[in-house]
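Annotated features, as they stand in TrEMBL:
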type	residues	note
BINDING	A:T62, A:P63, A:A64, A:G65, A:E66, A:G67, A:K68, A:S69	ATP binding site
Number of protein chains: 2
Amino acid sequence: MTDIEIASQVEMLPITEIAKKIGLQADDIEQYGKYKAKLAWPLAYRPDKKHKLVLVTSINPTPAGEGKSTVLVGLGDAMNQIGRQTVIAMREPSMGPVFGIKGGATGGGYSQVLPMEDINLHFTGDMHALTAANNTLAALIDNYIMRDNSLGLDPRRIQWKRVEDVNDRALRNVVTGLGGVMQGVPRETGFDITAASELMAVLCLATDLVDLKRRVGRIVVGYTYDSEPVTVAQLGFTDAVTILLKDALKPNLVQTIAHTPTIIHGGPFANIAHGCNSVIATRAAMQLADYTVTEAGFGADLGAEKFLDIKVPVLGKTPDAVVIVATVRALEYNGGAKLADLDRENLLELKRGLANLNRHITNVQRYGLPVVVAINHFASDTDRELAVITENCQSLGVDVAVTDAWAQGGAGTLALAKKVVQLVEETKAEFTPLYDYQASPRAKVETIAKKYYGASEVEFSRKAEKQLEQFARLGWNDLPICIAKTQYSFTDDQTVLGAPTGFKFHIREFVPKLGAGFIVALAGNMMTMPGLPARPAAVGMTIDADEKITGLF
Amino acid sequence: MTDIEIASQVEMLPITEIAKKIGLQADDIEQYGKYKAKLAWPLAYRPDKKHKLVLVTSINPTPAGEGKSTVLVGLGDAMNQIGRQTVIAMREPSMGPVFGIKGGATGGGYSQVLPMEDINLHFTGDMHALTAANNTLAALIDNYIMRDNSLGLDPRRIQWKRVEDVNDRALRNVVTGLGGVMQGVPRETGFDITAASELMAVLCLATDLVDLKRRVGRIVVGYTYDSEPVTVAQLGFTDAVTILLKDALKPNLVQTIAHTPTIIHGGPFANIAHGCNSVIATRAAMQLADYTVTEAGFGADLGAEKFLDIKVPVLGKTPDAVVIVATVRALEYNGGAKLADLDRENLLELKRGLANLNRHITNVQRYGLPVVVAINHFASDTDRELAVITENCQSLGVDVAVTDAWAQGGAGTLALAKKVVQLVEETKAEFTPLYDYQASPRAKVETIAKKYYGASEVEFSRKAEKQLEQFARLGWNDLPICIAKTQYSFTDDQTVLGAPTGFKFHIREFVPKLGAGFIVALAGNMMTMPGLPARPAAVGMTIDADEKITGLF
């Protein structure tokens with residue numbers, strides 16, 4: 001059965017029942033249909049509560065993904081089964097990839113979040129609100145340079161791009177404002193996907209509405225002819241943009257197939273953005289449960305690094321344990337096996353690929369965090385393959401559990417849940433950040449690239465070098481770095497798999513995001529607007545008169 | 001007090017209570033928060049029910065608008081007060097104008113629909129769903145011409161434009177697909193506002209999900225190098241687009257300040273689109289109440305003509321009475337008074353401006369429909385001014401009532417309600433369409449321009465002439481015409497007010513919308529993407545820590 005077929009056979013509980021499980025009454029939520037709600041209650045965060053936080057990350061994936069969300073959902077269900085009151089906190093899917101290649105992002109099989117069609121499509125409108133707020137700001141900026149421009153904003157130096165939650169490569173590079181005097185000021189610009197927008201990061205890092213407004217106001221939209229930054233606050237657009245985000249700031253409550261309360265909120269990608277769900281949602285989960293299990297996107301080189309270096313300082317809480325999801329398939333892929341061969345036993349490639357897992361283990365341990373490896377079981381795995389991974393982890397003194405969350409849900413994730421609980425309850429994590437927050441952007445990039453990725457050298461483009469000078473002049477030195485790079489490799493080249501060392505890491509350009517509070521470093525040729533494949537998933541979808549949908553994964 | 005201040009002092013009823021008033025139970029609706037819902041029940045329309053339908057339209061407005069929505073809401077409240085069970089059916093506001101010049105579109109004063117902030121911003125996400133569906137289709141089309149293009153779709157002849165619910169003039173004319181082989185196929189295109197999109201019209205004219213899907217499939221997205229039309233169905237994208245619209249197709253239920261059930265659904269502008277709320281919503285209202293009061297956008301030259309010639313054939317029901325809203329201000333403006341002088345008495349201009357009202361009366365009567373004039377009272381009106389209008393109407397044998405819906409709500413609209421009920425219950429409307437549906441597009445345009453607007457001649461541009469030949473060749477002759485023109489004038493020149501005759505009417509271009517089932521005729525220099533004014537409303541908006549908003553009208 002497909003994911004959507006499994007999902008359609010589940011009888012969901014009314015969302016009011018799910019809310020009750022975590023102590024929320026009817027007035028604490030705003031229903032969106034019968035099975036979705038926004039948390040309406042004031043999210044007064046009490047940092048003194050003894051909540052536990054578990055972060056789920058993974059090794060470098062294959063293009064099909066390694067089922068990290070599936071393991072996360074199964075883990076949440078299993079934790080509740082073994083008597084630990086647990087809430088899952090995860091990101092909202094982006095609609096663009098749903099119609100492209102990736103499919104949905106709500107887990108799979110018997111470890112899914114429901115209602116999966118709604119969550120994978122418009123959900124409660126957060127992504128659309130971000131798109132609208134982003135593009136309203138863009139229109140206000142273009143109107144400003146056409147009408148007045150008393151601040152001298154340079155049309156060539158406007159940094160604020162429009163966005164869409166669509167995979168639309170034709171919008172990567174556009175010329176707008178054509179047609180004459182009454183049609184605006186012509187300029188080169190482009191669209192990003194909403195998940196990569198600064199407002200998405202702002203929403204995910206804001207601690208409340210006032211903080212959101214402050215962050216919106218300090219967004220730098222561009223530079224004057226004298227290269228001075230111009231902010232949203234200077235233009236007077238702060239409140240209008242904030243108004244459009246007031247509901248999107250409220251976390252969404254849904255349920256898993258096993259009725260585990262799940263808070264889904266914020267959806268930045270981890271390759272081209274910071275890859276973590278919102279601070280408000282994670283805090284809400286921690287407030288409402290003894291255990292919060294959450295995820296960060298793609299491999300630990302991307303999402304987890306950003307979780308630990310960008311989100312944790314705002315969140316005010318470090319993970320009590322980290323789960324690294326690995327699959328036989330992805331290890332073999334990292335060890336040189338071809339995609340078409342992953343269904344058969346490839347012991348040689350598997351053993352070679354373990355270097356990728358081990359690099360991620362070492363990296364997470366570098367932060368002082370306890371690690372457990374989850375082997376996400378696929379039907380094609382052999383006992384010998386599983387044994388190779390288990391023995392490798394044991395030789396490193398790292399806990400490991402085989403999970404079967406897809407086929408068995410929480411029941412297939414019990415062993416992992418027990419190991420996680422043991423690790424959390426018996427280990428004391430001593431968190432050490434990867435880099436000094438006071439270091440220069442150059443130093444931070446070099447630390448991440450060398451200590452974390454394995455590079456021997458970082459090459460900054462001429463443009464990036466000039467930007468580093470500019471940041472120093474503007475006093476933007478103390479911001480964390482958010483690296484945008486391929487999810488397939490520790491390098492900036494997606495074909496270099498495994499655990500490479502001694503490579504040169506290339507920074508093409510920086511994008512300062514003062515509202516989000518970090519500086520994006522674009523590595524290699526990473527794009528901030530995905531494209532569609534030759535045969536988009538959209539072509540295979542159907543809907544009938546009774547709203548029954550097929551072709552959503 | 002401002003509209004939003006008045007609105008914020010009202011205690012709304014839970015939407016479940018409003019639903020009960022019209023016989024809907026909890027399972028018949030899907031709540032969106034406590035005060036908004038979508039109708040979830042299958043909208044089985046029984047055309048045999050003896051429901052009455054009242055259409056509210058207006059004379060040519062001033063740029064500030066004449067309070068048609070305010071009168072509509074007051075009328076709905078008053079109808080219920082005099083014992084006629086009434087539901088209001090109206091359009092959804094577009095967010096673009098809210099941040100531009102127009103403000104909200106939920107009535108005003110004590111005749112408002114609530115919660116006004118929500119309805120004027122994201123509401124239940126219908127506009128955003130339309131934007132997403134439209135732009136997903138655009139991305140699929142651009143991906144198709146880059147990847148394969150086995151149908152030979154000509155990049156220069158792609159008609160499908162992207163949309164945004166933002167007033168963004170800089171997107172009217174753009175070049176997309178720049179940057180090289182991997183970034184798509186470069187081409188000239190543009191963005192429209194979502195309210196003007198074909199999908200908006202498709203949503204508003206579809207009778208159910210199956211009809212929606214059929215209409216989406218027959219949309220012509222462009223032409224081949226051989227000038228043959230290419231449809232969504234041919235490209236295989238019908239279901240994917242339909243999936244994105246399945247929830248948007250369900251009408252939204254809210255309430256007025258006086259708790260009158262109000263169905264708000266679909267929001268095409270009447271100047272650049274067909275200007276009527278959805279067929280599904282109007283049918284739902286008729287199913288649930290004895291009286292449905294609804295509106296069509298701008299003056300009767302635009303919204304009402306399109307309601308009667310485009311919507312009625314699908315709806316299967318003609319209005320039992322038509323209310324034409326007039327104001328002293330707009331009549332004086334039409335009679336030559338300057339905008340700055342409208343606050344004082346201008347009897348001469350008022351008398352001259354009556355020609356505009358009288359043209360609209362004659363036009364509506366031409367359809368065989370009973371007319372009542374509503375004078376929407378402003379504080380600056382004098383008794384002498386009101387008497388001039390009343391006497392004019394009486395001399396024509398047309399009922400007239402002065403309304404004060406803004407300041408007094410339903411109580412200020414009782415006289416109008418009584419006249420409407422009398423007209424409906426004592427007159428038998430005999431509907432005659434304006435034009436023969438089998439006539440050619442050229443003949444239809446000429447009928448509308450000459451018989452309805454007062455033109456002596458229609459000039460088709462060279463491009464429009466070529467398109468007429470093309471339509472004849474393709475067999476697209478039997479579709480109704482949707483004229484896009486300025487709302488300020490019967491002509492295509494917004495400075496020609498009053499009731500001009502003997503003018504030349506200019507058709508610049510046609511836009512065939514096969515999914516919607518009509519052909520748009522662009523008159524004069526009408527734009528399908530509005531711009532922002534020198535000082536956008538956005539600049540004056542504020543929001544505080546408790547989500548209290550100011551600056552929304």
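The backbone N, Cα and C atoms fix where each Cβ goes, and this holds for glycine too.
Quick caveat, the model's predicted, so the values are computed rather than measured.
Here the features listed in TrEMBL are placed on the structure.
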residue	record	CB count, 10 Å
A:T62	ATP binding site	19
A:P63	ATP binding site	11
A:A64	ATP binding site	15
A:G65	ATP binding site	18
A:E66	ATP binding site	24
A:G67	ATP binding site	27
A:K68	ATP binding site	28
A:S69	ATP binding site	26
Conformational class of A:K68 (ATP binding site) under the three-state DSSP mapping: helix
Env. residues of ATP site, Cβ within 8 Å of mean position of A:T62, A:P63, A:A64, A:G65, A:E66, A:G67, A:K68, A:S69 Cβ: A:S58, A:P61, A:T327, A:A330
